[in-house]
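K.L.:
So that we are looking at the same thing, I have put the structure below in structure tokens.
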Amino acid sequence: MFKGEFQCNLKGYPKQNYSEFIKGIIDSDQTLENIFNDEQGQFEEFKIYLKSKIFNNPNEIQQHLTNIYNQWNTQSKVVIKRIEIFRLIMLMYLGLLERNFSQGGFYIIDMSSIKYTNNYISKQKLKCFQNYIKTFYLNSDAIQNDQLIFTKNTVNKEQFKNKFEQSIYQNIDFEFTQLKNEDHQNSTVVDFADQNIGGLVLDTRNCAQEEIVMLIFPEAAVSMIFIPQMNETEAVLIENLKKYSNYTGYEQSFNCQPSMTLQGNYNMLAIDAKPFYSENQFTEKNIDRELIKCYAGFEISLRNQPNYYISTGRWGCGIFRGNPYLKTLIQFLSFAIAVNQVNQQQSKIIFNCVNDQSLFNFGVQLKKLLGQKGVQLNLINLKKSILYMQNGINEQAFYIEGNNIISQIYTILTQDIQQIQKLRLGNDDDVIQAQVDQEIKQVLVNAPIIEENKEIKMLNNQEKKNRNYQVIAIIIAFAVGVFTYKKVFK
């Protein structure tokens, strides 16, 4: 993008009597009245509040926007008071922001579409933002000076490689649930983000996981104003959010359930998975990409908010077609390296499987097997599991050999590394590293070569036969057509 084109400005600013222009927008917006249609007199008080306290100084608002961009561009960090977040969201609600940049349905900063499009999803999205506006207003005296912190973490690939190699021993604590990421108060909620942060939250059709978390934690939506597209080594952490609404459903069944209770404190971690529509996600290159992305997020989360558990789940396993078991192992390993590097031994990662019963059963069984063997999930075995997954496994292998592959993963993850623990107590890093290298190399020897599986070969041969049959059928059909043509028109 061209320099400066991403930056937002007040629409039409500067112009004479700009304060009066804003007041006119407030008075003419009929949707505002719907927010307070159950409270007599409250709507008029709210309009006075907007005019006298929120939009009373347009010059200050424009300067604040400029300061936000300067802070983000120079420090990759912005600290904003909750009342300032409210002002930014009201600018979006009233259509008072403009910029030249556009990215399809991404980075929409004007709520006009969801306000005036008469479809179900638009109405539900609008309900979430209207509930936020009302709840903030009624609680503003108590919360307006709270600060939210937006921070970007960028990881150098070579430095990560060194951290990966140097991190050789680390136990981690984990849990699998059938809940959702946002169901755990005082946690860091993983946003299964698009690289364009905020996703399609303000379009009129889409409502997947990122859109939902932006709707129930609406203060996070202001990130679309000043955070441009993330690259593959970046993650964004948003600290000190509150949940303003509950919900049921997903996509076209999403239903906003307003709550007037400010529920707990949360952080949000935006990490974008890579889509795998045709590409093999089990290659070393693609696994490394996802490891770095997760590490960038988990590192900053543990560093900035060490007392908050990471609440994640089927990251990139929806329309991006990620394999749930591979993505779980990637997150496990990234988390283990982050815990090791940041030295936050009491941290925990929670995997929320929602309706994925198979993944939940995998987690429960893994916990059970570890308990039976008296060992903990550890970084060394996680490295082995990732190496095993790179050794010729793909989606077709999972289709044929899924149970065998998962069984092998259990075996790798529950191996006893007691000898390495003893070496560690002796602080002999060279001996430990040599032992770990030997352990990991052994995985390549023991791991089955999945592509040589006879059933997969049979499947591939059958597919070839089917294609040959299709070609023969087309040739026959063409020949019959030519014969008929000559017969009729001879």
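Glycine is treated like the rest: Cβ placed from N, Cα and C.
Below, the features straight out of TrEMBL:
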DOMAIN    171-341  domain 'PARG catalytic Macro'
ACT_SITE  Asp191  active site
ACT_SITE  Glu210  active site
ACT_SITE  Glu211  active site
TRANSMEM  468-485  transmembrane segment
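Could you place the listed features in the three-dimensional structure?
P.N.:
The average pLDDT computed for the domain 'PARG catalytic Macro' (171-341) is 97.
When other Cβ atoms within 10 Å of the Cβ of Asp191 (active site) are tallied across all protein chains shown, the result is 31.
Listed in sequence order, the residues of the same chain lying 6 or more apart from Glu210 (active site) and placing their CB within less than 8 Å of its CB are Asp191, Phe192, Ala193, Asp194, Gly198, Gly199, Leu200, Val201, Ala270.
Using a 10 Å radius centred on the Cβ of Glu211 (active site) and all shown protein chains, the other Cβ atoms total 24.
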